[in-house]
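Peer 1: If you scroll down you'll find the structure; I have some questions about it.
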Amino acid sequence: MSHLEETYSKNDLEKADNNVVTLTNGGEHNGQDLHRGLKGRHVQMISIGGVIGTGLFLGTANALRHGGPAGLLIGYAAIGALCYAVMISLGEMIAHLPVPGGHITLSRRFVSPAFSFAMGWNYWYNWTIVLPAELNAAAVLIGYWDKKTNPAVWIAVCLVVACAINFGGSRTYGEAEFWFAIIKVLTIIGLIILGIVIDCGGGPNGQYIGSKYWHDPGAFVQYAGIPGAKGRFLGTWAVLIQASFSYIGTEIVAIAAGETKDPRKTLPRAIKNVYIRILLFYILGVLITGLLVPSNDPRLNLGTGTAASAPFVIAIQNAGIKSLPSIINACLLTSAWSAASSDLYTSSRALYGLSLNGQAPAFLKKTNRWGLPWVCVLVGVAFSLLSFMSAGSTSAGTVFGYFANMTSVCGLITWAGICLTYIRFHRGLRAQGIDRTLLPYKSPMQPYAAYFGLIFACVVLFFNGWSVFLKANYPFDTSTFVTSYFPIWFFPCLMIFYRLWRRSDRGPSPSEMDLVSGSRDEQGFADPEAPEPKGIGRRVLAYVL
């Protein structure tokens with residue numbers, strides 16, 4: 001008997017287990033349950049796929065243009081630290097309680113139903129809106145080859161692929177994401193190696209770059225022409241929102257917990273090495289980007305519609321390599337496809353979790369015999385049609401920027417909510433005398449990491465729309481102001497609405513929190529395909545991935 005079971009009476013455990021939503025691996029189906037179809041290797045690559053996306057490949061263009069190479073590196077490192085704090089906080093909770101709805105359900109347990117309601121709809125909104133953004137990113141990438149065809153054609157093609165993957169169920173999604181993630185990992189590693197070679201003068205033109213662009217045009221950009229340290233600071237701060245868009249998605253693994261086999265073994269593995277991926281894929285990636293491409297290169301401005309390539313592709317072109325740009329662009333296109341598929345998956349599971357918690361219409365709980373919440377997937381597909389806005393007079397790159405700003409804010413709100421949920425979870429463990437060393441995963445530096453994540457996320461949120469108040473940006477940019485601050489005031493409005501609608505309480509005290517439901521091992525869901533890797537090379541690869 002575990003310490004948790006000793007802490008509670010038998011009646012408490014039976015009552016808690018009755019509140020756990022049934023998840024099956026086949027057999028009898030009641031029309032509302034999910035299947036644990038995601039294997040260990042699927043979850044590992046889903047967590048990596050959430051780190052590597054179009055934000056890294058495309059989003060670094062505007063970040064480099066606004067912040068310069070030093071501002072780019074500082075901004076991505078700062079948000080990387082925030083991402084790490086969020087992920088270790090989430091990892092400890094979700095490894096112990098791998099429940100459907102992930103952090104949405106956990107916030108209901110540890111904070112309040114009203115907070116969970118706002119968290120859930122904010123998260124659903126985030127991934128419902130980011131799906132059109134990723135589809136537009138695919139249109140931008142395809143525009144590298146074909147500038148004549150209407151972007152709506154390519155948006156439709158990418159949408160069909162994402163729908164086909166998601167309607168295949170969790171196992172099909174996991175398998176597709178597994179191979180997509182492998183392509184992304186090989187691509188970013190190959191680009192980093194190639195970038196080092198080009199920087200050292202190994203390209204066809206033999207030009208040695210070194211740190212040339214850190215001196216000319218400079219390590220920092222004077223934002224909006226503002227001179228001195230103020231302009232450099234504002235340029236670096238402008239990178240933070242774009243960087244957060246690149247990182248947001250790492251928490252998808254929590255939503256997948258409800259469909260994961262042997263979650264208490266698989267999830268800690270996927271989460272606790274996230275810092276390796278941040279350092280390898282992002283920090284090293286943006287460092288190389290800042291070395292290879294000058295911040296004043298006009299092709300970095302996606303909004304002009306004259307360039308549909310990523311900074312790495314620009315660097316390859318500058319080096320005189322003729323064949324690689326198209327190959328790399330094709331790899332980046334698979335990244336956009338993967339991201340669109342993940343967005344639809346996450347959006348549908350978030351909506352399903354809301355319905356399970358009684359915070360969305362009950363008909364959304366419907367699943368087919370393969371455990372697919374098909375109604376929720378259809379809702380996500382319907383909202384994805386917003387991506388066709390780019391087929392009008394506005395370029396796909398401009399629309400991508402609008403969506404990116406809005407979803408970055410929603411994602412940061414989610415991160416702040418996860419940290420607050422962990423702080424409450426930590427207090428509950430202390431109040432009930434539960435030793436954290438007995439949990440499947442004990443995250444380091446807690447609860448200080450969660451406090452850091454909460455405060456830093458709130459600061460970035462509060463100042464994320466500062467650029468609209470600059471005199472250099474007058475007349476007042478209404479669209480930027482709305483996309484920067486609409487999600488922030490919408491969140492408390494959702495909480496107030498729920499409190500008035502349901503007359504809900506303020507949530508449990510630490511001593512009353514439910515730390516049991518879903519915590520006990522479920523029989524029959526162990527993943528037999530995850531033996532310990534043998535050999536030094538395989539162990540290193542398993543540690544990184």
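Glycine is no exception: its Cβ is also placed from the backbone N, Cα and C atoms.
Small disclaimer: the values here were computed from a predicted structure and weren't measured.
TrEMBL feature annotations, pasted as is:
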type	residues	note
DOMAIN	42-502	domain 'Amino acid permease/ SLC12A'
TRANSMEM	43-64	transmembrane segment
TRANSMEM	71-90	transmembrane segment
TRANSMEM	124-145	transmembrane segment
TRANSMEM	152-172	transmembrane segment
TRANSMEM	178-198	transmembrane segment
TRANSMEM	274-293	transmembrane segment
TRANSMEM	372-393	transmembrane segment
TRANSMEM	399-423	transmembrane segment
TRANSMEM	448-469	transmembrane segment
TRANSMEM	481-501	transmembrane segment
REGION	511-534	region 'Disordered'
Peer 1: For the transmembrane segment (274-293), name the stretch out of 71-90, 152-172, 178-198 with the most CB-CB pairs under 8 Å.
Peer 2: 71-90
Peer 1: State the residues, same chain only, that lie 6 or more residues beyond the ends of the transmembrane segment (178-198) and have a CB under 8 A from a CB inside it; answer 'none' if no residue qualifies.
Peer 2: 41-42, 45-46, 48-49, 52-53, 56, 209, 281, 284-285, 288-289, 291-292, 312, 315-316, 319, 324, 328, 331-332, 334-335, 337-338, 341, 545
Peer 1: Near the transmembrane segment (152-172), which same-chain residues lie under 8 Å Cβ to Cβ, leaving out any that are not at least 6 residues past its ends?
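Peer 2: Sequence-distant neighbours of the transmembrane segment (152-172): 34-35, 37-38, 42, 131, 135-136, 138-139, 142-143, 146, 256, 259, 336-337, 340-341, 343-345, 348, 370-372, 374, 377, 380-381, 384, 387-388, 390-391.
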Peer 1: Looking only at residues six or more beyond either end of the transmembrane segment (448-469), which have a C-beta under 8 A from one in the stretch?
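Peer 2: For the transmembrane segment (448-469), the nonlocal Cβ contacts are 78-79, 81-82, 84-86, 88-89, 223-224, 234, 237-238, 240-241, 244, 408-409, 412-413, 415-416, 418-420, 422-423, 426, 476-477, 480-481, 484-485, 488.
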Peer 1: Restricting attention to the domain 'Amino acid permease/ SLC12A' (42-502), give the mean pLDDT.
Peer 2: 82
